[in-house]
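Novice: For reference, the structure I am asking about is given below.
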């Protein structure tokens, strides 16, 4: 019963409401008769099928006699010729899919998408052109490509093409090798996935293994236990007697909890060929266009021959869709029909490229590169103008040089000036470092792989979860984070729920002191133990048990043993239970989506979609109401007090979502009455219960107390529904479920209609403890000046309690609350703005009061609590500026009752209005929008799946690691990477200024001072390794000092573009002075004869200057290094020392292999090293005179205007000195000195 498409004529579409969706969405139908053997198939006539159409049956062929010994076929599949399908399935040649030209809205007219997936970026043919194109979209690479092309023009370039092409090729090759490695891995993954096999059901029920790549829409496949689904399938049949299967979606959303999928009702009990053949005739399947929605699916199965009859159209929902990438668990086999393949499957449509995030440093670099190019152009114009002036002055006087014979156009002219500009641009092109971008990329990779990923203090041993860098290009932005926006549940808290309090039967249970009863106090018992609530004696008695007898059971066994705890409850039974309490806990056992299972050890195991539900169901089970089994049709609850099983027939499930904030189950109860069981947020339930109930006020008071204790709360309600009322509603609900347009909205409206006038049963409180180290992490970030905001869906009181627990708020802080009720009287935007202004004034007044009472040195002491309803109003564009002013004017912010969309909106608002770096951190799928919207997204690998991790830039197991990531590694990365940029421009500026100085004594002729080999090797060999080692290993102060002194973070956090560019300007000024010393000392010292009585040649002088340049730029980096390792020593000193064997070998090449390219260097090394000028000027005076001002300036600055990190350095040195002196004197080592608490204001 594979799927074949069915396309209708326009007249038929007008005649049938069933066909309206196809015409509007461009979607044909799927013919359920496709896999019936050809003598019963509708396919050959499918293009003419419409409502009321009669199909002339073809004469049936003679059937072969059955083999009595053959096993019965499990299932009949499509009559399919299994052949390789490489790219697309051509429907004109496919016998079943011939009429499917527009199936699924496929843009490849007449074709389906192939099930072969290709995540690889390149092929062998496309790699070179595509990779080169991508690399040359980077403006710096394109710039050097243009320079290289200009150097190929004869007579134009002053230097060899090799000087630019060689470094450019190295830069391109490094990136290409990285891309090849990444893409090779993707190719291997693709081949592994596409070559997997799955059983396709053939004619007569034969099962044939077929590679995934060859599957097509319409195939019937059989998937066995622990196997992934090869495409998106409509679930037809299962080995499970309950007509369901268990699916793990870890590859899709990261959740490891098993989910239940239900068979399509018409095929649920059909396991043999004849059953499907009978069903197939006359039915079509309709599916929505491909989309990335993992949790939504709209489809239907309709009867063509009798569209008005009973069950003429049945809905297909997400419960009937088995998604590619998910895995079958605890089910022997399932059968499904392929509906979406390849790139149209849900998992592939969700593989959108991650948003490109550009760091602040990259933006600064782009401005710097543009500025340097403008400066280069100005210098080239001026030098070309000088060349024109020089030519005019010497055209007659220097007749013996015979310029006119060699250059006919010699003399001042505009053409000559343009040529001169180009030549000078080519000569000085290194002002923009060719290696800058690749150096930054290499450095970031090393920082991630060698530093961050290897930080053992960010490894969580309990869950075996290491820190993971999922991107390498955001490291320095970690050093400029101004706001951390965090989820609460599972991010600040453990997401390990404990059922602790109950408000039911007009009492609040779980708080009572049990000492008088001889019982342990519930507050002294781990709330994650489900029976801690059962230690409340009043609750236990209310359920008809002896509290002393119930408390004897060890907590580790009671909840898990199948019969042990049941026997305990039977033994502890005494008296009659309170019916209200029974109804309450029975509600908890019924109204959920938890799947009970039996482990190999014979224990109950609950598979829940959320820890809250798991805690509630386990708590109900301990108190005697055990969820025994669940199928799509029924729920069985075991009443452990008596051992009876009660069956509830499920009639409808109104699912939970972030908009509804509640879920309901309508069931026929054992007493044959229909009841609606509903639980959800108090804001949703309290407005839907009957008014004037005596219990309402009591529950409201209990909810306030629960929230103030920091607990997560849910309200419980139910109602009885009469048979006529349910029948009327069910008709509306069924029509909504099969609606072809706005199904979701119609289902929500139908749900709203039934979820009202309910009876309130009570409320639950679930405790979610803070993670270890959260208060300390938040306190450190606040001290560093980083704003911490918590965005949560909890009640205001709950959020405030958690904020106090994690030190986001303190007892002495003043809290300003902005609630939805504050805006109820506002009629327009102006009144809303006035209310917001009053809240701002209130915050300012509170801050002034606290400053007067506590002193201004305590800083900002105002906290803001913002409710989701009010936030929805204030996120309007008209209020954005005022809202951000209010929030950023407070020390800490808590946003309550916020939706996932609002979380992302708040992130974007702060980014837009404050131009600040925002870090978003969360652990669940509802945090993905916030994580992706933030400059830096961090994912916590918790109990709510890996959706947040997969969307993040950095992932780890505990919130406390974010403080170490930002304050320590972020600060270090910013300082290191900015130093890389400054140093790269510094060394290239020296090199190019030397070339420019030589222009003044060479008639502005744009002639190079160095040979082509030396030009090509400067950035590649002699100055590249030290800066990489510096950028990976440098620490200005120790890690312990950084973490103990959070105020150090302000140095990088408050750094602006202006400060970055001014610092670069200072480096350029120093480089200009260094270049003067490096050039003029050798140039004017080597005017005498050498040791053999010969004058030094131009190459001799140039090589000497080159030597001084190498020594100076490497020593400059040495003066910037504070943390020396053997790697730093090796890179810096080896880069200098390697110059000598290099230049000696370079000078000797011509004698061994005579080549014109190295003739100028013949014998240079021995000649210059034989005289004193080389050693005095290049090796001693040039570096010394160059670096003396740097060291002098640094000394004065540290003495008279020290920065905070320099003070910390001095205290570290004093501590080390004290330890060393104590060791030498034989004294006990003193305690390590901490940086002084009285540090001056940070000077950035």
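Note that Cβ sites are derived from N, Cα and C of the backbone, with glycine treated the same way.
TrEMBL feature annotations, pasted as is:
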ACT_SITE  487  active site, 4-aspartylphosphate intermediate
BINDING   487, 489, 923, 927  Mg(2+) binding site
BINDING   487, 488, 489, 613, 656, 679, 712, 792, 793, 794, 897, 903, 926, 927  ATP binding site
COMPBIAS  10-25  compositional bias 'Basic and acidic residues'
COMPBIAS  37-47  compositional bias 'Polar residues'
COMPBIAS  54-74  compositional bias 'Pro residues'
DOMAIN    111-165  domain 'P-type ATPase N-terminal'
DOMAIN    949-1203  domain 'P-type ATPase C-terminal'
REGION    1-74  region 'Disordered'
Novice: What does the DSSP secondary structure composition of the domain 'P-type ATPase N-terminal' (111-165) look like, as residue counts for helix, strand and coil?
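Specialist: Across the domain 'P-type ATPase N-terminal' (111-165), DSSP assigns the residues as follows: 27 helix, 3 strand, 25 coil.
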Novice: Sequence order is fine: just name those binding-site residues in 656, 793, 897, 926 with a Cα within 10 angstroms of residue 489 (Mg(2+) binding site).
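Specialist: So far as Cα distances go, the binding-site residues lying within 10 Å of residue 489 (Mg(2+) binding site) are 793.
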Novice: Determine the most Cβ-crowded residue among the binding-site residues 489, 926, using a 10 Å radius around each Cβ and all protein chains in the structure.
Specialist: 489
Novice: Rounded to a whole angstrom, what is the C-alpha distance between residue 712 (ATP binding site) and residue 487 (active site, 4-aspartylphosphate intermediate)?
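Specialist: Here the two Cα atoms lie 14 Å apart.
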Novice: If you count Cβ atoms within 10 Å of the Cβ of residue 923 (Mg(2+) binding site), leaving out that atom itself, what do you get?
Specialist: 32
Novice: Pick the one among the recorded positions 487, 656, 712, 897, 927 whose Cβ has the fewest other Cβ atoms within 10 Å in this structure.
Specialist: 656
Novice: Going by C-alpha distance, which of the recorded positions 487, 656, 793, 897 is nearest to residue 927 (Mg(2+) binding site)?
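Specialist: It is 487, whose Cα lies nearest.
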Novice: By the DSSP assignment reduced to helix, strand and coil, which category contains residue 927 (Mg(2+) binding site)?
Specialist: helix
Novice: With the ATP site defined by the record as 487, 488, 489, 613, 656, 679, 712, 792, 793, 794, 897, 903, 926, 927, how many Å span the farthest pair of C-alpha atoms?
Specialist: 24
Novice: Please compute the mean pLDDT of the model over the domain 'P-type ATPase N-terminal' (111-165).
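Specialist: Taking every residue in the domain 'P-type ATPase N-terminal' (111-165) and averaging pLDDT yields 81.
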Novice: Mind giving me a neighbour count for residue 793 (ATP binding site)? Other Cβ atoms within 10 Å of its Cβ, every protein chain shown.
Specialist: 23
Novice: Find the one among the binding-site residues 656, 793, 897 whose C-alpha lies closest to that of residue 923 (Mg(2+) binding site).
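Specialist: Of the binding-site residues 656, 793, 897, 793 has its Cα closest to that of residue 923 (Mg(2+) binding site).
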